[in-house]
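Here the structure is laid out as structure tokens; the discussion comes afterwards.
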């Protein structure tokens, strides 16, 4: 009785087969059919191999949200050489609230404005690195995945005597509030003032005075990849230069001014990977589609 029930169950299952099979005695093997089968299996192998590379690859997901972190500080790294002696110039930051940020983290190092052969080689190396990064900047995902960390080697020291050093290298870092501000290098040391701040400048005579202005927009960025998780910043910059000539109506203060503004939006960049189940579904779709197309 049990055997009869099993046979009836198997018969019922066979009747539900939506893909009836042709008996092997009715199938004729031909050279063209074998060629099609060989091409189909080769195509399945190639597509499966390529799909595996797609599965191994990752991509970056970009999300945007309002930056709610107002208490943290923004670190500004500075390394600039000015063709004036250190005792004649000063650098500081004045933010939007007219607060002068302490520049204790900056060092004033007397140097020669003309680079030595070793320093020129060091400078050309940095320019080459920056140029390569600028070329690859269109491939933003590649830069994020690379997670380049560390600083370049320090600039070689000058071997000139101190009396011949007529330029000043200002380098170091400062921590500022996350509000718009103005980092500037101009004649004279900065001194506190009830109405803001001023520079104690000596009389310096030049044939021409120039104002160099850089307008920087900073975008806070959170980066999460499989190699690194960090909070960083992206920025864009435009520059302007003009001659200060009061007789011609071009007023202003000679110096280097870097005016920065911080975006209220934050960019979240997350590295993502295709899940295993999606890879298996895509793989089955490729193999099953080719199988059905070739009539196997």
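A Cβ is built for glycine as well, from the same backbone N, Cα and C atoms used for every other residue.
What TrEMBL records for this protein:
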DOMAIN    13-98  domain 'Endoplasmic reticulum vesicle transporter N-terminal'
TRANSMEM  35-55  transmembrane segment
DOMAIN    166-199  domain 'Endoplasmic reticulum vesicle transporter C-terminal'
DOMAIN    206-293  domain 'Endoplasmic reticulum vesicle transporter C-terminal'
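Long-range Cβ contacts of the transmembrane segment (35-55) within its own chain (Cβ-Cβ under 8 Å, at least 6 residues beyond either end) map to 274, 279, 282-283, 286-287, 290-291, 293-294, 296. In terms of DSSP secondary structure, the domain 'Endoplasmic reticulum vesicle transporter C-terminal' (206-293) contains 21 helix, 51 strand, 16 coil.
When averaged over the domain 'Endoplasmic reticulum vesicle transporter C-terminal' (166-199), pLDDT in the model lands at 79.
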